[in-house]
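*Asks:* Pasting the feature list from TrEMBL:
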- 41-290: domain 'G-protein coupled receptors family 1 profile' (DOMAIN)
- 12-38: transmembrane segment (TRANSMEM)
- 59-78: transmembrane segment (TRANSMEM)
- 98-118: transmembrane segment (TRANSMEM)
- 130-156: transmembrane segment (TRANSMEM)
- 197-226: transmembrane segment (TRANSMEM)
- 238-260: transmembrane segment (TRANSMEM)
- 272-292: transmembrane segment (TRANSMEM)
Amino acid sequence: MEWVNETLVREFVFLGFSSLAGLQQLLFVVFLLVYMFTLGTNAVIISTIVLERALHTPMYFFLAGLSCSETCYTFVIVPKMLVDLLAQKKTISFLGCSIQMFSFLFLGCSHSFLLAAMGYDRYVAICNPLWYTVIMGHGMCVGLVAVAYLCGFTIAEIITSLVFHLPFHSSNQLHHFFCDISPVLKVASHHTHFSQFVIIMLCALVLVIPLLLILVSYIHIISAILQFPSTLGRYKAFSTCASHLIIVIVHYDCASFIYLRPKSNYSSSQDALISVSYTILTPLFNPMVYSLRNKEFKSALQRVVGRTISLP
C-alpha cells in the first residue's frame with residue numbers, strides 16, 4: 001500500500017549497448033555470424049554423436065548433453081539481443097524477463113553440474129579403467145545428467161521467485177542486454193537482506209560445489225597419472241582431460257567474476273562485456289576445444305559424412 005501512488009513496472013528497458021549506438025549494426029552482423037556458427041557446430045556435434053556408434057560412450061554422451069545445453073542457453077539470450085541491436089526501443093515484458101532469467105539460470109546452473117559429471121567420468125576412466133564400463137553404464141550417465149538438470153531447475157526456480165517477488169516501481173532501466181540477477185535487483189524498489197543473502201549463497205553453491213567435486217576428481221586423476229610408468233602413457237592420460245580442464249577454467253573465470261565479486265566492485269559496463277564473452281564467445285569456444293580438435297571425433301564425423309553422401 002505504501003507504493004500505491006507509484007507506477008508499477010510492466011516492462012524493462014535494456015541499456016546494455018546504449019553507449020555503442022554507432023556500432024550496433026556492426027555488432028549485429030558479428031554476433032549473428034558467431035551465433036550461426038555456434039548453432040551449426042553444436043548441431044554437427046550432436047548429430048555425429050547420435051549417428052556414429054563408435055561415439056556411444058559416456059564421455060561423448062556428456063558432451064552431447066553439454067552441446068544441447070549450450071544451444072538452448074544461447075537461444076534464450078542471443079536472438080533477443082540481436083533484435084534489440086536493430087530496434088529503437090529495447091524492451092522486454094515483466095513476464096518475459098522472469099522467463100528469460102529462469103531459463104538462463106536453469107541452463108547455466110545445469111552447465112556447472114554437467115562439468116562436474118564430466119570430471120567424475122574422467123576420474124573413473126583414469127583411476128578405475130577396468131571398471132569403467134561397469135561403473136559408467138547407461139543408467140549412471142542418464143542419472144548424472146538428470147541430477148544436473150534437476151539441481152539447475154531447483155536453484156533457478158528459487159532465485160527467480162525471490163527476485164520477481166520483490167516490488168518493482170518507477171525505475172525499469174536495466175544496464176545490461178538481458179535479465180541477469182544483478183541488473184534486475186538494482187532496479188527493485190527494495191529488497192530484504194535475507195533475500196539477497198539467499199541469492200548470493202545459492203549462486204556461490206552453484207559454483208563452489210561443482211568446482212570442489214571437479215577439484216577432488218582431478219586430485220585423484222593427477223595422483224594416478226603420476227604413477228604411470230611411461231611418459232607417453234602420462235601424456236595420453238592427461239590429454240583426455242585437457243579439453244575438460246580448459247572449459248572448466250573459462251567457465252569458472254567468467255562466472256566467478258560476475259557472481260562472486262564484492263558488491264562494491266560492481267560495474268555494469270564490465271559485467272555486460274564479460275556477459276558477452278560467456279553468452280556468445282564461450283559457447284563457440286567449447287565445441288572447438290572439445291570436438292573439432294579431437295582426432296576420434298573428426299574420424300567419426302568423416303564416416304558420418306561419407307555415409308550421408310553415399311546414401312543417394
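Residue 1 is the first one shown; counting continues down the chain.
Cβ coordinates are placed from backbone N, Cα and C, and glycine is handled just like the others.
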*Asks:* Are there residues at least six beyond either end of the transmembrane segment (272-292) with Cβ under 8 Å to its Cβ atoms? List them, or say none.
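*Replies:* Residues 16-17, 31, 34-35, 37-38, 41-42, 45, 63, 66-67, 70-71, 73-74, 77-78, 81, 175-178, 180, 243-244, 246-247, 250-251, 254-255, 257-258, 298.
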*Asks:* Need a quick answer: max count of Cβ pairs under 8 Å to the transmembrane segment (130-156), which of 12-38, 59-78, 98-118, 197-226, 238-260 is it?
*Replies:* 98-118
*Asks:* Six or more residues beyond either end and a Cβ under 8 Å away: which residues meet both conditions relative to the transmembrane segment (238-260)?
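*Replies:* The answer is 108, 111-112, 115, 118-119, 122, 125-126, 180-182, 203-204, 207, 211, 214, 218, 221, 225, 271, 274-275, 277-278, 282, 285-286, 289-290, 293-294.
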*Asks:* Could you tell me the mean pLDDT the prediction assigns to the domain 'G-protein coupled receptors family 1 profile' (41-290)?
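*Replies:* When the pLDDT values over the domain 'G-protein coupled receptors family 1 profile' (41-290) are averaged, the result is 84.
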